[in-house]
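Structure first, commentary second.
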């Protein structure tokens, strides 16, 4: 056992003395040491309840003959960090999470790890750490929030955080009063858990099942459901079996597992952020995978779900309809069914054991919402290295669009123009210098897209950015444009009025300029000057790579 480095031999007497100070006895030193990586915090609704999850994990570890040690890492609530300086820190927190877990696990010689994430950057940060450390590991997330209930005119409707973001645009346009907004604000987030739609956090928690790193139910069992606590106890027990069998993350997260994750992703219509995060996990796992492969998967994999923001259903509905297992059951012809999982069974075996889909929340593969998956990576002279769009959330009339560019060099300037009524039907908003280096931190453009949707412009206006989008975004929103403006990508050459062509069906994103004209303009673009010159974001700017490779740090 790795923990023998701190337990065995006379030279480890000081180590044992310190461990005895924790309450351990001689018998404890014969057992595996398990690190419990908790991301509990009192400021994030998705993490406020994770102490209860951790206690259940400890019970499982103890019952199976191990010793659990809980430690914490950071967690950012993207909703609270949205639309101010805090959003610059959200994506960069992913690397901090991975690094802090690495430090704790290596410093204390754990034999295995149980990860307890829930929200957006915590899941991929922990997955990256698991691959980097490559010791037996298992994930159990905190679970999704229930949808809120809004009563209006004797009618009750299901609402969520995205409802509030879009309502701001409705208020700005005079379609909703501030009093009505307040009533919505009060009920949209009714308790603990990750925000209730197929937004980034829930996308990543669901994909963790498809990657093979979590037990069935991880992605969909609500945070307040007793089955979540039972799942946590089972995860604590299962880590002991993984240690016994010496099954490590890199045995599980292979190119086949990445294939399965993206297959599930496009079937669910998951967040575009998943592309960034799964590519980063693949990098840490040494699993070679390209953006072009995502398009090949999406071309042949049906879109089976219309979950918020793409449709009316929430994660609780997905859970009631069979959960991720039922989606995987429909996807079996497109999966790598022999891929291993932490359960000890293959992904195909788990799919076989799942209940049949209901053909409502989870459509049959023979009756999909679309024969093609929910994500697409667009290429062209505007995005030579790719740009990601959630096509399942794009209105049919915007799948192909041609319009004049409206250029903004920050989210704030674009937001001001939208609120001021300066964006017209047919326009293509371009928000640049918001990429990994340019932002820095690749902020989410949820406020601009929510305003457009709330104003009813999401079927008439497209938005292109080298920044990111929230999983709650809907509309013709192309993000992750690579190379970014700060790296002198073609997006930096655009000027107001340039005609932009979007063809999602054929994976194309281009501007009606010759290569010569683009290069001529780029030659006159000033050298990018970093916006932040101190602290962690200075380090981040100097070391982060392109969104096309997951915005990981330089090797």
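Each Cβ is built from the backbone N, Cα and C atoms, and glycine gets one as well.
The candidate list 78, 496, 498 contains one residue that Swiss-Prot assigns to the Mg(2+) site with 120, 121, 444, namely 78. Counting other Cβ atoms within 10 Å of each Cβ, the lowest count among the binding-site residues 78, 120, 444 belongs to 78. The Cβ centroid of 78, 120, 121, 444 marks the Mg(2+) site; residues of that chain outside this set whose Cβ lies within 8 Å of it are 76, 81, 90, 91, 119, 200, 201, 273, 468, 470, given in sequence order. A separation of roughly 6 Å, to the nearest angstrom, links the Cα atoms of residue 444 (Mg(2+) binding site) and residue 470 (active site, proton acceptor).
Residue environment of residue 119 ([2Fe-2S] cluster binding site) contains 29 other Cβ atoms, counted within 10 Å of its Cβ in all protein chains.
Within 10 Å of the Cβ of residue 121 (Mg(2+) binding site) there are 28 other Cβ atoms, across all protein chains.
Long-range Cβ contacts of residue 470 (active site, proton acceptor) within its own chain (separation 6+, distance under 8 Å): 78, 82, 199, 200, 271, 273, 444, 445, 446, 449.
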